[in-house]
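Visitor: Supplied in structure tokens, the structure appears directly below.
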Amino acid sequence: MTDESTAEAGRDFIRDIVAADLASGRHKSIVTRFPPEPNGYLHLGHAKSICLNFGIAEDFGGRCHLRFDDTNPAKEEQEFIDAIQRDVRWLGFDWGEHLYYASDYFEQLYAWAQHLIREGKAYVDDQTQEEIRLARGTLTEPGRNSPFRDRPADENLDLFARMRAGEFPNGARVLRAKIDMAAGNINLRDPVLYRILHATHPRTGNVWSIYPSYDFAHGQSDSIEHITHSVCTLEFEDHRPLYDWFLDNLPVPSRPRQYEFARLNVTHTLLSKRVLTELVRGGHVAGWDDPRMPTLAGLQRRGVPAEALREFVKRIGVAKANSTVDVGMLDFAIREALNRSASRRMAVLRPLKVVIENYPEGQSEELEAVNHPDDPSQGTRRIRFGREIYIEQEDFMENPPKKFFRLSPGREVRLRYAYFITCREVVKNPAGDVLELRCTYDPATRGGNAPDGRKVKATMHWVNTADAVPAEVRLYGHLFETEQPDAANFASELNPQSVQILSGCMVEPALARDDAGAAVQFERQGYFYRDRDSAPGRLVFNRTVGLRDTWAKVAAAGS
């Protein structure tokens, strides 16, 4: 490892630990893992863990495993397994040949559970789940021993084998570790190792009738895979003594160590998998990849580039204490990434027709437009200009306030890449609604500059009516209105304006020809991405993130 990579690796306390372990000789190589449970789609919080675990392996020349913690078949589906693999790859990481499943180790875990029984460190408990919960005690009161705690090992082994064989119904018995019912850490009060669950497993089918708990499977899976640094979020800090107890009391092949970091919390966002599942099942969103969802699939469908997520995770860093990050930090990272790469296009979301009265009827011309102002390699495109165009409704005001510089009666403005125009007449319907504008243009200003040097204070985008392409545009906002939504009452805090669907938008023809997977900037509007709902003759765009609205700031300041 070079000095430069060493410096890069020392950005956070976990990388400092890894660097120290290598320097001291505790480990000769580094192995990390990302171990999702396949009971839902990955979200922003997972992105932080993915970047950390794969990033550590990359920084230190090690490897990172992708392991599915598939120990609860009642909630796990192949759909989630497939989606997780897609999302990790999309984020930019590759596990190579190191794809594993906790179910790969079911036989070994069963054998180790038998070992604990023979050692007098595990027993079969016939109490109900509620009886076990009530006997566990509280933070201030010790728990009570189960009446089955002192069962002979032979009887426990027999019952455990019969549990595996499927002789008993769900919930009839569990296997518990025999540790200390008076332990200050409640996780050490004889935790459950196995429960009976008659359910079809996505990989093992109906072979098993018992399944290991997360706590029992996790550390031992780490050991089997020779994980050196088992990195997880802070809610597992109280589980570390149990993680260590299993490793200390089993003949495991290696000794991993668990380290915890702060989980990701973001304003206007809930990352609870329970909440996300209820949002989908309750019909509050249109699926796991709804662009309002904080899932990686949702962010991808919204048009967020993977590099923006990686940069966001890098900026928030790795801390030991939980905190909440403003969602604006994510938006900033998205804008930065898209500003570098997105081609510029013109799109009118709320069209207002403009007739240029002194432009020759039946005539049109091609103008040259720049695809990216800071990236000459993207080249230029040709756009057509004619007598009738569309502009944004909000770019015209009949009686403008002092600091409004866009089009109004008698005012001259610049049309992007085209000409100066001046509004001469406002055409309205009987209700007083503006139907169209009658304007004139200055032929000498072709390209957007006046030969006499006169200046205008506004440049507006437009689309030629003759070749404009209709489109639907979906404007997405925060899914939750409140900055710190309450997971317990999330439904009451949903934002009823989290999506606005605009039909009848008009966009330039290049947008129909662009690659479907390419992000674009609608000039003066924001960054957009073609949605998978698009079809021949039907363009649909999702707003990824908006641009800064300077007029909104001025209006707010003056109100």
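Glycine is no exception: its Cβ is also placed from the backbone N, Cα and C atoms.
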Visitor: Under Swiss-Prot, the annotation motif ''HIGH' region' belongs to which of these stretches: 25-35, 36-46, 355-365, 443-453?
Guide: 36-46
Visitor: With the ranges 55-59, 270-274, 485-489, 500-504 to choose from, which does Swiss-Prot describe as motif ''KMSKS' region'?
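Guide: Going through 55-59, 270-274, 485-489, 500-504 one by one, Swiss-Prot flags 270-274 as motif ''KMSKS' region'.
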Visitor: When the motif ''KMSKS' region' (270-274) is classified with DSSP, how many of its residues are helical, how many are strand and how many are coil?
Guide: 2 helix, 0 strand, 3 coil
Visitor: I'd like the per-state residue tally for the motif ''HIGH' region' (36-46) from DSSP, helix first, then strand, then coil.
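Guide: Grouping H, G, I as helix and E, B as strand yields 3 helix, 1 strand, 7 coil.
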Visitor: Roughly how many angstrom lie between the C-alpha atoms of Lys48 (ATP binding site) and Asp69 (L-glutamine binding site)?
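Guide: Each residue's Cα considered, Lys48 (ATP binding site) and Asp69 (L-glutamine binding site) end up 18 Å apart.
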Visitor: Checking the binding-site residues Glu37, Leu44, His46, Thr233, Leu264, which are within 10 Å of Asp69 (L-glutamine binding site) at the Cα level?
Guide: Glu37
Visitor: If one measures from the C-alpha of Glu37 (ATP binding site) to the C-alpha of Tyr214 (L-glutamine binding site), what distance in angstrom results, rounded to a whole number?
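Guide: About 10 Å separate the Cα atoms of these two residues.
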